[in-house]
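Listed in Swiss-Prot for this protein:
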{"type": "ACT_SITE", "residues": "Asp205", "note": "active site, nucleophile"}
{"type": "ACT_SITE", "residues": "Glu232", "note": "active site, proton donor"}
{"type": "BINDING", "residues": "Asn120, Gln166, Asp175, His209", "note": "Ca(2+) binding site"}
{"type": "DOMAIN", "residues": "465-566", "note": "domain 'CBM20'"}
{"type": "SIGNAL", "residues": "1-28", "note": "signal peptide"}
{"type": "SITE", "residues": "Asp296", "note": "site 'Transition state stabilizer'"}
Amino acid sequence: MARRLATASLAVLAAAATALTAPTPAAAAPPGAKDVTAVLFEWKFASVARACTDSLGPAGYGYVQVSPPQEHIQGSQWWTSYQPVSYKIAGRLGDRAAFKSMVDTCHAAGVKVVADSVINHMAAGSGTGTGGSAYQKYDYPGIWSGADMDDCRSEINDYGNRANVQNCELVGLADLDTGESYVRDRIAAYLNDLLSLGVDGFRIDAAKHMPAADLTAIKAKVGNGSTYWKQEAIHGAGEAVQPSEYLGTGDVQEFRYARDLKRVFQNENLAHLKNFGEDWGYMASGKSAVFVDNHDTERGGDTLNYKNGSAYTLAGVFMLAWPYGSPDVHSGYEFTDHDAGPPNGGTVNACYSDGWKCQHAWPELSSMVGLRNTASGQPVTNWWDNGGDQIAFGRGDKAYVAINHEGSALNRTFQSGLPGGAYCDVQSGRSVTVGSDGTFTATVAAGTALALHTGARTCSGGGTGPGTGQTSASFHVNATTAWGENIYVTGDQAALGNWDPARALKLDPAAYPVWKLDVPLAAGTPFQYKYLRKDAAGKAVWESGANRTATVGTTGALTLNDTWRG
């Protein structure tokens, strides 16, 4: 849900410009084995299309979710996309032709498309929308008039009162009366128009602010039974409207999952995650959509976000490895102003440039999509933890994952259910040999993970591991540190974090004062890099001097023996 204020969601709604006839009532259709969605928040449709071809399809993502496509109020802020004024596809992110081209391109790459859909309300204020449509609150020519709005014309102010939550105005936005047949038909017409362009599913923004029966009636007019629905219904203890009410219509986003991941990764022990999911009181796994963060929560602070470094990355690794719910991988942009809209108006010229974070393409996360697909349907097996922040577990005989959220390396012999043989650790790009009894010995550096699966048996082509010509750079730097400090490396390659201190790679201090780390890089790659140190609070200090330079050899690993420059 798009929230202009921290406590409320901005949902922008919906009737359709083109009235299409809907066939049979639609049933919720879960994504299936490829159940990971990349949420490309505020990406232009042309940029989404390139991502489907270049990264999402090859990584094995099942879906891409795009931001609301309909015409909306003008303004640079991100939340303008969630204040619609019509149902023309004429927003900041592209027109109808660009949208259709994106859908076709993503389908060709094997990626289905989910459209974020705002059908609870319309924009407040007055003016001209991004597609040229004039509007004022309660009057949207050719679509809605005041008679189509709920009678309550004041803002929601009591979440303990069902009528207040579902009939009054979310942050002052014009609330549609979804109990009326005409309103339901117009909303369904908009969604059917998107289906006619090839859309495969919808995220229903602010579902909580519409009665579940109204959404059921609307969905019965949409599609042919194969449409995927994912509904935003934020859990609030003691509130009158609960997310579970919407399970009959489709999947529901389980916000408690993300909040609890933040608490565990920041204040508790990962060992507590052994029974994470339904045993924690969550909704049924098969009907839940989960995430580490989304566009609202990363700004509101109730979940982890990209500013939390390795905790954020490892939480994503865990989510993709753990068999609960259907995961969303949020992929947005850097911000200091919580209202700031997308860089370049949504055009992504390149990942990791202009502030685009591209979490969907981070090697630590994209490599886990293939693991999740391989392990689909497999139970958790061979759980191990140290009572603290080091855990490991298998997914039947298909996969095994270890996560080290502590400040020192984890070195042990792990018991997996994997068949014996060679595997690629898709987190590091290093080969791991599993014995005939399923055991293997490995070191997992602090703040990193290890991930093996039967779809990635070698690191030099095949499976989902690094491709042919992959070798590595072995960083060794002599650096003395104070208590609580650690040494990191970053550089001009995606595998090195693209000069982003938040994504810099932590070196292993096992041979202190020499810190070491092997990083997979393509053979023959020239690159620049530099070391930095971070204190316990995460404050970074760069070493002095110019950027260091090196080139990976065509065969074998490149070893760099450096000394910290004070």
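Placement of Cβ uses the backbone N, Cα and C atoms for every residue, glycine included.
The model shown is predicted, which means the values in this text are computed figures rather than measured ones.
Positions of Swiss-Prot features highlighted on the structure.
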residue : record                             : CB count, 10 Å
Asn120  : Ca(2+) binding site                : 32
Gln166  : Ca(2+) binding site                : 23
Asp175  : Ca(2+) binding site                : 28
Asp205  : active site, nucleophile           : 25
His209  : Ca(2+) binding site                : 27
Glu232  : active site, proton donor          : 25
Asp296  : site 'Transition state stabilizer' : 21
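A separation of roughly 8 Å, to the nearest angstrom, links the Cα atoms of Asn120 (Ca(2+) binding site) and Asp205 (active site, nucleophile).
With helix defined as DSSP H, G or I and strand as E or B, the domain 'CBM20' (465-566) counts 6 helix, 52 strand, 44 coil. Comparing Asp175 (Ca(2+) binding site) with the residue listed as 'active site, proton donor', their Cα atoms are 17 Å apart once rounded. If you measure from the Cα atom of Gln166 (Ca(2+) binding site) to that of Asp205 (active site, nucleophile), you get 13 Å.
The two recorded residues, Glu232 (active site, proton donor) and Asp205 (active site, nucleophile), show a Cα separation of 5 Å.
Taking CA atoms as the reference points, Asp205 (active site, nucleophile) and Asp296 (site 'Transition state stabilizer') are 12 Å apart. In this structure, the C-alpha atom of Asp296 (site 'Transition state stabilizer') lies 16 angstrom from that of His209 (Ca(2+) binding site). Under the DSSP three-state reduction, Glu232 (active site, proton donor) is assigned to coil, being neither helix nor strand. Per-residue pLDDT, averaged over the domain 'CBM20' (465-566), rounds to 84. According to DSSP, Asp175 (Ca(2+) binding site) is assigned to a strand segment. In the three-state DSSP reading, Asn120 (Ca(2+) binding site) counts as coil.
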